[in-house]
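Colleague: I'd like to ask some things about the structure below.
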Amino acid sequence: MDVCSKNSNRTAPVSEGGIRRADVPLCSRTNGWSWPPHPFQFLAWLLYLYFAVTGFGVFVPLLPTHWIPAGYICTGITFVCHLFMHLMAVSIDPADYNVRAKSYKGPMPVFDRTKHAHVIENCHCYLCEVDVGPKSKHCSACNKCVASFDHHCRWLNNCVGSRNYWLFLNSVISALLGIVLVVVIASYVFIEFFLDPSKLRSDKHFQQVRNESVVWFVFLPVAPVTTAGPAIPALAGVTIALGLLSALLLGHLLCFHIYLMWNRLSTYEYIVRQRHRQEAGDSRKPPPENDSGVPKLNLIKQQVSYSGTLGYTNPEMEVEDPKAMTSQEGAARYGNGRIRCSSEHMDEEEHLPSVLTEQKASPHPHKHAQKKKRKVRKLAAEVNGDISIDTSTAKGLQKTSAEKESSVAAATVSSSLGQRLPFPAFPLRASLPPLAPVQAAGPPAEYHSDSAESLEEIPVAMARLGSAALAGAQIPTTTATASSSYSSMLQCALPSSAAGHAAPSPQPRTKRKTAARTVSEQRFEMLYHNPSMFMTRESGEPAIPPEESPRAAKRKQTGKKRNTEDAKPSSRVGTSLA
């Protein structure tokens with residue numbers, strides 16, 4: 001067995017510790033009859049002889065008389081076919097055509113991997129020293145290139161290629177059929193031996209010993225040999241066990257090659273593909289946990305408060321860690337360990353939508369209800385130049401970053417599921433308003449109405465809807481001029497009683513509560529205000545109070561209207577109803 005364990009036909013370089021015998025030539029094997037034989041080859045021959053002897057010599061002669069010819073013919077054909085196919089598959093040289101054309105009876109060189117990475121490169125074998133086909137492979141067991149290499153069969157002790165593949169496949173099919181027939185006959189003999197032994201004693205030799213039922217004959221009818229009765233079921237049981245095991249293995253091999261033919265693969269290609277899949281599966285497995293405490297940052301999270309999908313993931317994206325943000329012990333950091341300075345924090349708060357600012361500024365629910373009733377829409381705007389960078393704080397944070405790096409890293413690992421993105425994946429579609437004052441497009445068309453009862457019903461020049469500017473910005477000159485022109489037209493159109501003072505609105509006026517305005521609300525608001533002007537009786541000209549806010553002017557105008565109403569009767573008293 002030591003001869004079979006050592007493969008002298010090796011293609012790999014000999015190790016430094018190994019001793020290479022100079023008198024042993026490294027020759028190529030021609031076919032399955034070349035030395036040395038494989039143990040599986042001997043086992044295949046022994047199994048073939050066993051099933052042939054037991055089938056034709058013991059079980060088929062014990063069959064009923066009318067079944068004996070069918071048993072010999074069917075079983076004999078399968079065994080003969082298998083023997084022919086097996087011998088042909090073993091005897092054929094499956095080498096490549098150029099290898100067979102060249103005499104390879106001499107010793108083969110040992111492959112040196114320091115010169116070439118592979119034995120066959122660009123369809124040239126550096127061991128056989130010939131050009132081979134694209135599907136030819138150099139078999140290390142046979143030490144030669146095999147045309148359309150499939151696999152090296154140890155039962156045949158020969159390579160299986162394009163020249164002997166169908167012979168190999170037919171030998172498998174014939175062996176499977178022959179073993180199945182032998183198992184069926186042995187099972188019948190085993191069962192009838194216990195049920196009705198007389199059906200197995202139909203031969204003329206059993207008629208001579210009719211009274212002695214314990215005597216049985218084997219190898220009938222040519223060379224009858226007397227044996228004991230229990231030997232027949234014992235031999236049948238062993239044959240059934242070996243036959244079932246052999247049929248299972250041969251059936252699995254046949255199904256495997258049918259699968260390969262269906263997918264147009266060879267055994268070698270299938271093994272290589274499975275190896276690649278196994279390596280790919282091992283690479284997908286998560287690596288072992290790192291004990292050094294380096295934080296593992298997961299940039300993609302499923303629970304994100306914005307809508308849309310990320311087209312790609314930028315590995316340099318800064319993601320905030322909530323535990324690092326809310327930590328009271330250390331400085332505020334990003335999830336990747338970088339320190340967040342105060343200026344960056346303020347910029348992020350300004351770039352957030354105004355809805356988030358309203359939620360932070362108004363924690364009470366009744367203030368939210370008042371804002372919904374007002375229906376004031378606000379848009380986010382960038383304000384440049386009103387934020388000062390605290391350099392001393394940034395330097396202090398950078399000094400403490402090295403001391404608390406390990407604690408923040410551990411918190412980042414434990415809170416990977418709670419990370420959030422401080423900005424949406426896509427920018428807002430609303431365009432940012434310009435920082436310059438908004439000018440009116442032009443004076444509107446002349447307004448004519450006989451039902452105008454107050455100045456609030458007369459349109460004034462306003463900015464377009466959707467424009468935004470800083471709160472407290474001065475009204476442009478063009479807007480003031482347009483307002484004065486409106487008042488002059490009103491003075492000509494309205495009667496003298498209405499020009500003196502403004503009539504009260506028919507709708508009841510409710511006093512609105514002035515809620516506390518936050519800094520963010522004062523910073524951004526729409527330019528939707530009534531013009532701060534009032535009418536005087538003496539001059540009849542519109543006057544704009546200097547340096548007064550819109551709300552103060554409105555309160556002053558409302559108070560004056562009420563005083564006038566108390567002093568004089570309403571202008572609507574003497575009006576006749578139509």
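Glycine is treated like the rest: Cβ placed from N, Cα and C.
Residues or ranges marked as transmembrane segment by Swiss-Prot: 42-62, 72-92, 175-195, 231-251. The topological domain 'Lumenal' annotation in Swiss-Prot covers 63-71, 196-230 and is backed by a curator's inference. Positions annotated as active site, S-palmitoyl cysteine intermediate by Swiss-Prot, on the basis of sequence analysis: Cys153. The annotation region 'Disordered' is assigned in Swiss-Prot to 278-298, 345-376, 497-517, 532-578. The compositional bias 'Basic and acidic residues' feature in Swiss-Prot is assigned to 278-288. According to Swiss-Prot, the feature compositional bias 'Basic residues' maps to 363-376, 552-561.
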Colleague: Can you say which of 42-62, 72-92, 175-195 has the most Cβ pairs under 8 Å with the transmembrane segment (231-251)?
Modeller: 175-195
Colleague: DSSP says what for the topological domain 'Lumenal' (196-230): how many helix, strand, coil residues?
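Modeller: Its residues fall into 9 helix, 8 strand, 18 coil.
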Colleague: Is the topological domain 'Lumenal' (63-71) packed against any residues at least 6 beyond its ends, judged by a Cβ distance under 8 Å, and which are they?
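Modeller: Cβ under 8 Å, 6 or more out: 181, 185, 188-189, 199-200, 202.
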Colleague: In the same chain, which residue numbers or ranges, 6 or more beyond the ends of the topological domain 'Lumenal' (196-230), come under 8 angstroms Cβ to Cβ?
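Modeller: Residues packing against the topological domain 'Lumenal' (196-230) from afar: 57-58, 61-65, 189.
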Colleague: Long-range neighbours only, meaning 6 or more apart in sequence with Cβ under 8 Å: which ones does Cys153 (active site, S-palmitoyl cysteine intermediate) have?
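Modeller: Correct list: Ala89, Cys159, Val160, Phe168.
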Colleague: What else in the chain is close to the transmembrane segment (175-195), if you only count residues 6 or more beyond its ends and a Cβ gap under 8 Å?
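Modeller: Residues 48, 51, 54-55, 59-60, 62-63, 71, 74-75, 78-79, 82, 86, 232-233, 236-237, 239-240, 243-244, 246-247, 250-251, 254 contact the transmembrane segment (175-195) from elsewhere in the chain.
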